[in-house]
Amino acid sequence: MGSKDHAVFFREMTQLILNEMPKAGYSSILNDFVESNFFVIDGDSLLVTCLGVKSFKWGQNLHFFYLVECYLVDLLSNGGQFTIVFFKDAEYAYFDFPELLSLRTALILHLQHNTNIDVQTEFSGCLSQDWKLFLEQHYPYFLIVSEEGLSDLQTYLFNFLIIHSWGMKVNVVLSSGHESDTLRFYAYTMESTDRNQTFSKENETVIQSAYKSLIQHLEEIRVLVLATHFEHLKWNDMMEEAYQTLFLLQHLWSEGSDIQRVLCVTSCSLSLRMYHRVLVHSNCLSLQEVEDFCRLRCLCVAFQLHLPLSQRACSRVITCSWIRNSDSFLKMNKWCEYFILSNLNVFGCWNLNLNHVSDLYDEQLLKNIAFYYEFESTQEPHLNLGDSIRRDYEDLWNVVSHLVKEFNVGKSFPLRTTRRHFLRQEKSVIQEISLEKMPSVGFIPMTSAVIDEFVGDMMKDLPILKSDDPVVPSLFKQKTSDELLHWHAQRLLSDDYDRIKCHVDEQSRDPHVLDFLKKIQDYQQFYGKSLESISTKVIVTQTTRPKEDSSGASGEILQNTKPHQITKKSKKKSFLKEDQNKAQQNDDLLFSIEEEMKNNLHSGIRKLEDYLTSCASNSVKFGVEMLGLIACFKAWKKHCRGEGKISKDLSIAVQMMKRIHSLLERYPEILEAEHHQYIAKCLKYLGFNDLANSLDPTLIGDDKNKKKYSIDIGPARFQLQYMGHYLIRDERKDRDPRVQDFIPNAWQQELLDVVDKNESAVIVAPTSSGKTYASYYCMEKVLRESDVGVVVYVAPAKSLVGQVAATVENRFTKTLPAGRTLCGAFTRDYCHNVLNCQVLITVPECFEILLLAPHRQKWVERIRYVIFDEVHYLGREVGAKFWELLLVIIRCPFLVLSATINNPNLLTKWLQSVKQYWKQADKIMEEKCISEKQADKCLNFLQDHSYKNQSYEVRLVLCGERYNDLEKHICSVKHDDVYFDHFHPCAALTTDIIEKYGFPPDLTLTPQESIQLYDTMAQVWETWPRAQELCPEEFILFKNKIVIKKLDARKYEENLKAELTNWIKNGQVKKVKRVLKNLSPDSLSSSKDMVKMFPLLVEKLRQMDKLPAIFFLFKNDDVGKRAGSVCTFLEKTETKSHPHTECHSYVFAIDEVLEKVRKTQKRITKKNPKKAEKLERKKVYRAEYINFLENLKILEISEDCTYADVKALHTEITRNKDSTLERVLPRVRFTRHGKELKALAQRGIGYHHSSMYFKEKEFVEILFVKGLIRVVTATETLALGIHMPCKSVVFAQDSVYLDALNYRQMSGRAGRRGQDLLGNVYFFDIPLPKIKRLLASSVPELRGQFPLSITLVLRLMLLASKGDDPEDAKAKVLSVLKHSLLSFKRRRAMETLKLYFLFSLQLLIKEDYLNKKGNPKKFAGLASYLHGHEPSNLVFVNFLKRGLFHNLCKPAWKGSQQFSQDVMEKLVLVLANLFGRKYIPAKFQNANLSFSQSKVILAELPEDFKAALYEYNLAVMKDFASFLLIASKSVNMKKEHQLPLSRIKFTGKECEDSQLVSHLMSCKKGRVAISPFVCLSGNTDNDLLRPETINQVILRTVGVSGTQAPLLWPWKLDNRGRRMPLNAYVLNFYKHNCLTRLDQKNGMRMGQLLKCLKDFAFNIQAISDSLSELCENKRDNVVLAFKQLSQTFYEKLQEMQIQMSQNHLE
């Protein structure tokens, strides 16, 4: 096969791919149901993957198509948009498998004709130019491809596809090893890295040559194979023979037919003719025997035509194979099928029904028929076929006879005229179905208040096991290891809050601790004030009202006494003098503004607008506005008489119209006739005669002046095109007494009303629209009501907790009783004032811990409001399970905030149903409490009156309008320079999108873009009927209107969109396509190395005044590198200048201060050493501060060589107190990135990503807000949260994580409210197809996931039985069980959840966690504490109870408390198999592993652990199978009998008149809980007990999958049955204590590796603490071993982190 060099290259290419496999990330490949995830599936990889499924048997076409459709439906149901590509060259790989050639062709036909999937078959190969162009035009997120083919040759083809995709910067997703659930599709992603791209580029010539060599070799194989079967007939000859056969049939069946009949008769006739012509050898079947086989084939098709799937699923399973002599004919027949199917496209006009192209061959049915006629038909009486089957069979055979002209094929009966058996005679021919393995179907009787209320209605209809059933008595005699007898296994453990160490003792009265806490609070307030310039509000509790003045009349008498009169007069004089001074200052300021406008209009206008912002008097404002208008008018006349004769500067006209807009809209009551006349004059000079006449009809114009001063643009077009972002918005003018700082919009007022009425609300509003204000108003309300009420703010990520906490500390201050604080925080890493604060900032995971803790209910009852920010994370992969539970378990009002939800109505209705439940529950509990109170038995904590005042209404508050418009720009690189092209949002759309979905709700246009759309429409359709009506000057809302408002422009935009949609509806699709094409920018011009152009991009943005800007990237390493490259760019362009005296004066002043500090320190050192130490520290920080200022070189670095705001820097340096730099510099002094961040900050640059310390991130955030940094490179860490707005957002790196949701979140940062009227979004190095998809895609819909797990059920039962308030606990548990989003208005889903709940209880009883009353038993607390690691937590407890850890953990010597390294390594091995599971794709095991110390693949569990795990899995699997058997009784079997994607039904009336059918289809037992499609391959209910097949055979409509069973196999098989090894990163780290080697050998990135190791260390610590609490014997070997392991692992990790930090600093 080609040269030796090519063979070597094939191995090199294969090894490269294998080496990349440990680095493959296993995650959800579709980012949370986002439509922008367009990708490509390689059709042959899809075929090979489904062929390799363990439950599938070759020859069962219908089962195969079912598997294909299941795979595709899982992708589509999760929002996937894809194209399937079948390369022509890929056909060569199947010439040794002709049965797959016909199957592949049938698959293509099925997908093209029976589904809406886009199928591409025109590409010759993956190296063709057409394919390369396709990738460039569509730029898929990834390509799904198989890493292994059916042969080495096919594997090489897949390898070429993978390498080429990497070279085109397209990621690869492996088609095998995938899993899916109700929300997500998980698979392995192999990213296109620089290394892979380099390999592809450097070996481009070799790749082309090797590929051609491979295809040439495959072509040679094709010639040999055809010669074997058809001798001298070539490929084209066979294609012609197939065409002629079809042509003859078309004349016979001119009215049409279906594909099953057509293929049957044509393939049989063509096979017979070819066999007769070329193959009549002694070792093959005779011609008469071949005729018999074709008769059986025709009868089989007749069966397929008449038998519904329900009957065929009961077929006997024939295990014997065809005799070897029949191989030649069988392959020839398959070749003929392929040639026939390949010719079908030629007969396009023939009425051919392709619905059942998926059911062309059923080998099991054929074998059944053959077996009967060979072994069973000799017995009397013979079984009849039935009239309909017999008739169809005879028709088929008669057509075969007609098509075969060369010889007589005989009559249709008898079917067998020869004696040779086609099936081999074997001992066991028919597969026997044994149900002995299947468990007893039934539930152990249980009872409790929760169980009875939730599933009581269902229990009466379910099978209940009797007490004498062998399963029941065996449950309660489980042996526990003797070593555990002294353990308090039933003890409730402390929760995470108890174990997370606070930095200090918050209750301590130690002065040093109090001083430290005061410093923390001061810094938090400083941090908050830095993020937002809002003054602190003092909160006074409403119950503590100020005392009334008791002086009464005496006070008035005192005021009238002489001394008071004298004081009053003096004050009056003082006020008069002060007013005079202010008036004089005001006059001076106005004079300076007027002079400035004369000298520089635009500079003067900026000062004027600053003055207007600070001025409170309307009359003064009016006068200033008139002053500005007069100045603009004079400047316009002067300009037009001078430079304007050549080209007019319309910015002056824009400023003039801005003043006119403001005067007419804001001061109508002050305007008089003379003002109207002057404004009319201004309009006249601009050429707006109609507008001028509407103000002053008496105005006489001068035609000469008109031509000289006119802008020659209509007033409406001028306002839209040049004043779009200045247009006045319709805002309320009446102030709300509840809001001091601004006038709230109508929707904001509605929010305030919601909070005032104690209602709940779902708030959907764009970023920076002001929805966060409602959160702070809610906090203030709770703070004012009492000192005990709590408001909980749930942030989506822990990185935001510090930000929000700081803003709360800055906004509010309140005097509280001792032991209480205003604000607290709780994350898994940090807790501070959690239970004694009034405002708790936390994350979903930690809030869930508090809500489900039985002994935290008293604190939970204090919660008055919960605020959920960015709730669209309810649908995200990480943290989604917490959001849904929190929303249903809280009983207080809530605010749900989000900027991006596509289905807010559904979310609101669901939450309203939850609130209705709580309304009823609270009423019942209140009544019960009242009755119990009379008997002094009330334990209910709801006696607090605050719950009585809450409303149970849930409002939906929508705001669809951003305050600032966003303009999108595409960055291109041409001639080593960066250029910017405006991107019109409509250019992202297609006619198909508009026709199917309309315009995306958040795809809005700026007024300028609306004008551009109108002009393009008018240009494309010159005779457009509505062109005049929609012309800006004639549009009804614009005509003769002086002040066009933002709302008018929005309505104009809506009219244009509606009109464009109507064009499509009225058949003008081509015109719409031209419009969209004309709006699209030209193709992007890019450089080969866009990274090097990044600094130039930043510089160009600075020159255009588009800073501050956030540059979003998606790799932590790149974030720092790009920031560094920008700094280097500035250093190279730096020009030296001489320092000014002023700068030196600052340094001299600082030196004087330092000298004073030194002298003071000498005096104090002897008297007070501690105070001296404090001064020394201050001196060091001050010196560092001076050094920073000197390095800034304010006067040496020109404004062109720093991105900082020079004015902000000047202010910072001249400030004597509270310097920002002086506060933040010491905090990053010893951090890992501190030195680098300070160096970058001196140039106004920073970076921000998740791996930074929180102090480093705060450093960047504070300086960015202050203007000291104006260029920040960042990952998505700055996409969420608050207080980081900027003028521009730049997407500077593509990634699979750049989807529609993240795009909206990140782009929302652009445009600072109150500072920028327009936000800018730039795309740099992002492919144009990707940009279009981002803009055109809808935001994700929130969908419910499967809400229950075994451990969650255990935690709920713990809460119900151990809760401080039983009634409250019960109500919360039932709310969780009854109100999942998945089951909302879905009765069938609720039934499944109830059954799963029962299954969970049964398993918990059998594993001895619960008793029959639902109360917790042994180790329930331990299992529930490790709830985040199911099923590993259950397995761990199982091992512990069996005594396996006690057997393993033997001290080094008797009496010792230390354990050997060997014991520790074995313990790590066991725990890594439980808590450090990261699988590697199965194909990796073929790699040539040659590592000295580090092994990539984790070793198996020790034998005793492995045996125990097998027993555990078998027990769980049987219980789960029992659950599936019961659940299957209520599924919708009609849906189970249709293909899931094409919805083609295989239902119908069962054939009852055929004795043969009844005989063959007699196996109904054991096929209850599996899909009827999989029964065709001989699968039974027993396959539910096999881990490699359970997900493949389960009923799709049952609503669960095998992932819901808490199984943990020592190995994992992929879909093709190959074993997937575990990554040994944990054990290798423990052994070698080296992260670098792990990074290189184990294939995990450093950041990911560090995170996983930290999680593992946290788990060990949690287990160690738990065991210590459960065991009183502190010398217990297991307790000691885990303690030793926890300490050593933590020390190794700390040592490694310190080493990494030191290396970074060096």
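Counting begins at 1 with the first residue displayed.
Cβ atoms here come from the backbone N, Cα and C positions, even for glycine.
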Item to complete: Match it up for me: which of 869-872, 981-984, 1177-1180 does Swiss-Prot list as motif 'DEAH box'?
Response: 869-872
Worksheet, complete the sentence: For the domain 'Helicase C-terminal' (1205-1354), the DSSP helix/strand/coil residue counts are 64 helix, 21 strand, 65 coil
Worksheet item: With every protein chain in view, how many other Cβ atoms are within 10 Å of the Cβ of THR772 (ATP binding site)?
Response: 21
Practice prompt. Starting from the Cβ centroid of ALA765, PRO766, THR767, SER768, SER769, GLY770, LYS771, THR772, the recorded ATP site, name every other residue in that chain with its Cβ within 8 Å, sequence order please.
Written response: ALA899, CYS959, TYR963
Item to complete: For SER768 (ATP binding site), just give me the three-state DSSP call.
Response: coil
Fill in: Distant-in-sequence Cβ neighbours of THR767 (ATP binding site), under 8 Å, six or more positions away
ALA899, ARG962, ARG1304, GLN1305, GLY1308, ARG1309
Worksheet entry | Most crowded position, judged by CB atoms within 10 A, among PRO766, GLY770 as binding-site residues | PRO766
Practice prompt. Enter the number of other CB atoms within 10 angstroms of the CB of SER768 (ATP binding site).
Written response: 22
Practice prompt. For ALA765 (ATP binding site), just count the other CB atoms lying within 10 A of its CB, please.
Written response: 24
Response to the item:
Filtered by Cβ under 8 Å and at least 6 apart in sequence, the residues in the chain of LYS771 (ATP binding site) near it are GLN748, LEU751, ILE763, ALA765, LEU897, ALA899, CYS959
Worksheet item: Relative to the Cβ position of SER769 (ATP binding site), how many further Cβ atoms are located within 10 Å?
Response: 22
